[in-house]
Every structure is written in structure tokens, then in C-alpha cells.
Amino acid sequence: MSRLVVVSNRIAPPDNKGGAGGLAVGVLGALKAAGGLWFGWSGETGNEDEPLKKVTKGNITWASFNLSEQDYEDYYCQFSNAVLWPAFHYRLDLVQFQRPAWEGYMRVNALLADKLLPLIKENDIIWVHDYHLLPFASELRKRGVNNRIGFFLHIPFPTPEIFNALPPHDELLEQLCDFDLLGFQTENDRLAFLDSLSSQTRVTTRSGKHHIAWGKDFQTEVYPIGIEPDEIALQAAGPLPPKLVQLKAELKNVKNIFSVERLDYSKGLPERFLAYEALLENYPQHRGKIRYTQIAPTSRGEVQAYQDIRHQLETEAGRINGRYGQLGWTPLYYLNQHFDRKLLMKIFRYSDVGLVTPLRDGMNLVAKEFVAAQDPANPGVLVLSQFAGAANELTSALIVNPYDRDDVAAALNRALTMPLAERISRHAEMLDVIVKNDINRWQERFIHDLKEVTPRSAERRQQNNVATFPKLA
């Protein structure tokens, strides 16, 4: 039986007592089934030459390493999060490309390949995650690794007009072709990648999803990531802590609109605040009878763009409350702090509307978690951005354009006044999708497809490396 090796920028420590996110749950499920290794950065800066820190529990080994301050800055802060993250979320205006950061990104991917190489066994299958590690398969191939290597991109893949604006776009595309299997959240992301590839070289495609580019064979497929709906339902329905009992009492006479995500410009939070203001302006009958709570803990607080959006939200929240607030009623609660994930599931359950309106998002698991947390007999309504990957699956949500504040306001009004029968019907349809495509189904499909790939031989790889095709005119 093949062993599974998972590679990600960060690893979830084995003693993590907090609620695990989507990646951790899916990865651990796959590792428990096959046994294997989870390899990634420890989250600490220090001496890169120190031996890997290894912890084994059951049939899983966690192997982590430190990064130097310089590599952390170049690889993680600069290229991954100041170039790739904004570009892949369609924000070229925020891209800060610097050649030393690109060199640092490549240097760290090579370093990680060197560290992982002694741990790889002949029949291992390797599953690499996300934008921090786009060149990783290429680095392993250079070191003679012929194992099956798969890659899953958790964030969107931008259209060629966006992606090809990145100075090293051609190198990144060719490096991605060294993976055997490339997984995307949506069909739009998969096609955007192939369109970018076709703009740089000739791509031969057979059976729809088997491709050859730069003489390299690879496959592409769509794997929308899921959640653990049963676990979330249990968390949501459990006993309420005292603070939430008090909150529930406060919300007894108002309808609650609730949103939670980390503070990030891709989430559309300023646009969301303005849409809520449009609701209060266009539908004054709701004034004094609703409350919008936005939880947005700080993320990457050292980055200027994130500091700017935090200040913008604080200003807008104060302005909206000052304009529409009344004695005894505050229309908008903005909380820039972290809340326990299990507590959030309980808050979801007692919310009348879940407002999830990112400007661009690979999937957005919050939308799925909101649905899973609801009481099926009296569910809340999900208002969801058309630019979230989840909108492709949760078609019974109220789908909106987050750039159109009046559209979002109208959807909020509809959600607040929706009859119970319609709420139950829409919720049941979405829950059925979530249950059928849960986190275990996601990882099982990917691992199954990766195992079906024919391993690369050294001879085949050498032949592929010299085979080239002219770019399309």
C-alpha cells in the first residue's frame, strides 16, 4: 500500500486542541487512511540548518522545520503574500513584485525539496498544497524524484490577463506542469489555468483533462473542498455557554445578520458594510429590528493593505452607527478579534442570515459551515457572493454581486422576510450538496485520482525535458 506524503506551507501540530480548519481535517483523514508523513514549516523563524523536528502518533509522522528571517520575509511575506495572493485574487494593484523576493521564493522551495528528499520512499505518493509551493514538484524532479506528485490550489486561479502580468508567469506555468495531477476548486479556475498555459506554449489535450505541455504529461481536475457537516451540526446544537445565552436573549426581538472571516481585502468587507447601509436606507422598516454582526480578526497585520482596510472598516462602522443608530439600538457590531470556532458554529445556528460576500474566493468554507450549523426545522438564509467558489455548489443560496450594494441590500431584505417553507426548502437542497461532497469525499477523490496516475520514469522525464512546442501565435 502506498504511503501518503503531504506537503503544505504550515502543518497543524499533532497536539493542536483547537478546532481544525478545512485543510487540516482533510489531510488528517487522508493520512489516517493511508499512513504517512505531513511535512511543512513549523511557523517559527530560526536556524534552517537544524534537524527536522519529528513527532509520530499512530501511523502519522509530522516533520517540521524553521525558516531564517530572510527566507520568511522573501518567500512568505513578500512573494507568497504580496505577489501571488493579491494577483490570484485579481488585485494586481496590490502586487509588490521584487526580484529578490522571487529568488527567495525559489530558494525556499529548493530548500524544502532538499529537506524532504531523504524522507521519500519509492512508492510514496506526494500531495502538495497551495500557492506557496507552485515550483515544488519541479524541484523534486530535478532531484530525481519520479513518484506521483499531486497539487491542490485552495485559492482561485486568475485569468491569463491577470496571471501573465506576473513577471515570472512563464516559469511558474512550466513548473506547475511537473505535477502529475493539478486540482482546482472550480471549473473556472481549471480553465483559467489552461488558458494561461495555452497563451505561453502549445498544449495537447486528450480526453478533456489529460494534457501535454513543454513535453510534460499531467492531468487537471476539479475538487471542490468540503467540510465535516455532522461534526459542525453537533457543535452548533450543543449546550450554550453563559455568554451566548445572554446574547440569544438580546437577539430575541431582533433578526441577526452574521458574518465572520479574517480581515482581508479579498473578503469584500467595506463593500459589505455599504450594502448593509443600503439595506437600512432602502428598507427603513428594518431599522431597530435587525442587527448585523461582523467578526473579522486581524490577518497579516504588518502589511499596509491590511492596516488600511482595518482603519476603513472602523471608520465605516462608526459612521453607519452614528447615522442610523437609536437609543437602545446599535445597527452594526464590528469585532476585530478571534473567536473559538466551536462558539462560532453556535452563533451561526442562531443567526437569521449568513452574509458571505467575498470579492473573490477559492471556495469559502464559512458559507458551507453556516448551512451545516442551521436547525433544519427553522434555518437561516445564506446570502452568497457569485465570486465565491461555493456559489457553484450552493445554488439555493441567494446569489449576489458584491460590487452591487443595492443588489445585496435587496437580497438581505428578501432573506429577512423569507417564509419558513422556502427557508426549509433552500436549506435542505444546500445541505444535501454539502453532505454528499464533504471533506472526506474531497480527499478520497483526489487521492484516488493521484494513485491512478502512471509514475514517471527517469527515461520518460528526460525525454519530456527536451521536447518543446512553439508558443501559440
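In case you wondered, yes, glycine gets a Cβ from its N, Cα and C as well.
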Q. Of the candidates Tyr76, Tyr90, Tyr350, which does Swiss-Prot annotate as part of the D-glucose 6-phosphate site that also includes Arg10, Asp130, Arg300?
A. Tyr76
Q) Considering all pairs of residues in Arg10, Tyr76, Asp130, Arg300, annotated in the record as contacting D-glucose 6-phosphate, what is the maximal C-alpha distance expressed in whole angstrom? A) 18
Q) Per 10 Å Cβ neighbour count, which of the binding-site residues Arg262, Lys368 ranks highest? A) Lys368
(Q) When DSSP is mapped onto helix/strand/coil, what comes out for Arg262 (UDP-alpha-D-glucose binding site)? (A) coil
Q: For the recorded D-glucose 6-phosphate site, enumerate neighbouring residues of the same chain (Cβ within 8 Å of the Cβ centroid of Arg10, Tyr76, Asp130, Arg300, site residues themselves excluded), in sequence order.
A: Asn9, Ser80, Asn81, His132
Q: State the Cα to Cα distance, in Å, between Phe339 (UDP-alpha-D-glucose binding site) and Arg300 (D-glucose 6-phosphate binding site), rounded to an integer.
A: 17
Q: For Ile155 (site 'Involved in alpha anomer selectivity'), just count the other CB atoms lying within 10 A of its CB, please.
A: 20
